[in-house]
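Sequence annotations record features per position, and here TrEMBL assigns Mn(2+) binding site to A:GLU157, A:HIS222, A:GLU237.
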Amino acid sequence: MGEAVRYIMSEGELKRKDNSICFRKGGRNYYIPIEGIKEIYCLNEVSINTKLLDFLASNGIVLHFFNYYGNYSGTFFPREKYISGRITVKQANKYSYERLKVAKAIVKGIAINVVEVLYSYYKNGNHEIKNNIDIIRYEITKALDPLTNIKEVLSIEGAIWTQFYDALRRILNKDFEFLKRVKRPPDNPVNAMISLGNSILYTKTITQIYHTHLNQSISFLHEPSDGRFSLALDLSEVFKPIIVFKTILKLVNKKMIKVDKHFDKALKYCIMNEDGKQIFIKELNQRLEETFKHPKLKRKVSYNTAIKLDALKLVKYVLEDQAFVPFNVKELV
Amino acid sequence: MSKKYNYNYVFLFYDVDEKRCNKVFKVCKKYLNHYQKSVFRGEISPSKLLKLKKDLDKIIDKDYDYVSVIKLLNQSFFEEEHIGKYDLQDGEMFI
């Protein structure tokens with residue numbers, strides 16, 4: 001609880017009614033309780049007005065918009081509650097002097113999590129992927145330490161993903177052919193799922209960072225450019241293998257999602273249809289809500305909270321110079 | 001069950017005078033999902049539940065009205081059966 005989300009999949013009108021939210025669709029009102037809700041996703045055409053936005057702002061609710069094809073189009077978030085000039089200045093300072101350190105930590109985190117996901121398949125008898133695991137584990141990770149240039153670190157990250165996608169091809173069920181990662185637009189079912197999953201994870205990270213004092217636009221691994229929250233890209237990176245890809249692998253290998261049933265192949269590329277999106281998002285959300293015992297906090301924590309903890313770790317790093325070690329599955333055991 | 005538990009899921013039934021029906025409805029829908037005519041249910045944190053009870057307290061006439069709250073630990077603590085047509089309910093993740 002407390003992390004409640006709603007996904008609006010149908011056309012309609014979202015409005016404020018009696019100090020609560022109401023979604024009007026086909027002549028029927030669906031009430032969304034204002035208390036306890038944190039995020040609302042609009043995945044279809046939804047009309048809103050400023051009255052609603054003002055109301056959401058006063059309750060600290062974040063609203064994400066996606067277009068018809070499932071591409072992320074933007075987020076409405078309330079006037080920043082957590083503003084700290086002190087942290088912004090220090091964060092920028094860290095960016096200028098210690099960017100490499102953080103970027104390397106993130107790439108290392110990706111490598112650990114990727115290997116962890118692959119290893120569980122290797123353990124269960126899929127020996128084809130041993131080569132990929134070894135390359136990531138021994139060659140790529142070793143190459144990381146001596147680097148002094150951010151471009152090279154980024155190319156290492158690219159190399160990790162290439163190996164991972166290569167291994168993925170061998171794990172996935174035959175119906176789901178996956179040759180390489182293609183974006184904008186995705187060209188086959190797996191790419192469609194990866195794109196949707198990544199953009200939802202990205203928005204989840206934005207929401208979590210919103211609740212800390214960090215500045216969303218100063219990032220370390222990705223180039224801090226205009227027009228997007230690159231810090232969210234940084235922080236979501238290590239969670240991709242354990243949240244997005246684990247969900248995809250589960251859906252595909254348990255045959256919960258089928259190529260001919262859940263994808264729209266009318267155009268040249270593939271997008272998920274309504275049903276497919278629903279199944280996928282539900283599973284992804286379940287994964288995010290899943291809890292594990294946190295070794296330091298000594299209590300159960302969901303992956304969603306783990307994203308926020310990562311943001312807080314970064315705050316600690318920025319303010320108090322505590323080493324930033326992004327979330328990894330190994331630290332749980 | 002003893003008081004030690006943290007209740008996170010409730011059923012709420014109300015039986016109030018017509019004059020106050022709407023008011024109670026409005027308060028409840030802020031916190032819970034509408035389930036049937038005078039029945040609400042949904043996940044709610046203990047602190048929010050206190051707030052809800054305080055809000056209701058201000059509205060109802062204690063000598064005449066009756067509101068009952070059944071508290072449960074979470075959604076997996078009961079089983080539900082449907083007879084008849086089951087529509088899309090409020091409170092589902094997807095609308």
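Each position is counted from 1, following the chain as shown.
Quick reminder: no glycine exception, Cβ is built from N, Cα and C everywhere.
In TrEMBL, annotation is done automatically, which means it is predicted and not curated.
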Checklist line | Neighbour count (Cβ, 10 Å) for A:GLU237 (Mn(2+) binding site) | finding: 23
Notebook entry, point to check: In DSSP terms, helix, strand or coil for A:GLU237 (Mn(2+) binding site)?
Noted result: helix
Next item on the list: List the residues of the same chain that sit at least 6 positions away from A:HIS222 (Mn(2+) binding site) in sequence and have their Cβ under 8 Å from its Cβ, in sequence order, or write 'none'.
Entry: A:SER230, A:LEU233, A:ASP234
Checklist line | Coarse DSSP state, helix versus strand versus coil, of A:GLU157 (Mn(2+) binding site) | finding: helix
Next item on the list: Please work out the number of neighbouring Cβ atoms within 10 Å of the Cβ of A:GLU157 (Mn(2+) binding site), leaving out its own Cβ.
Entry: 20
Next item on the list: Show, in sequence order, which residues other than A:GLU157, A:HIS222, A:GLU237 on the same chain lie with their Cβ within 8 Å of the centre of the Cβ atoms of the Mn(2+) site.
Entry: A:ALA103, A:ILE106, A:VAL107, A:ILE110, A:LEU154, A:LEU221, A:LEU233, A:ASP234
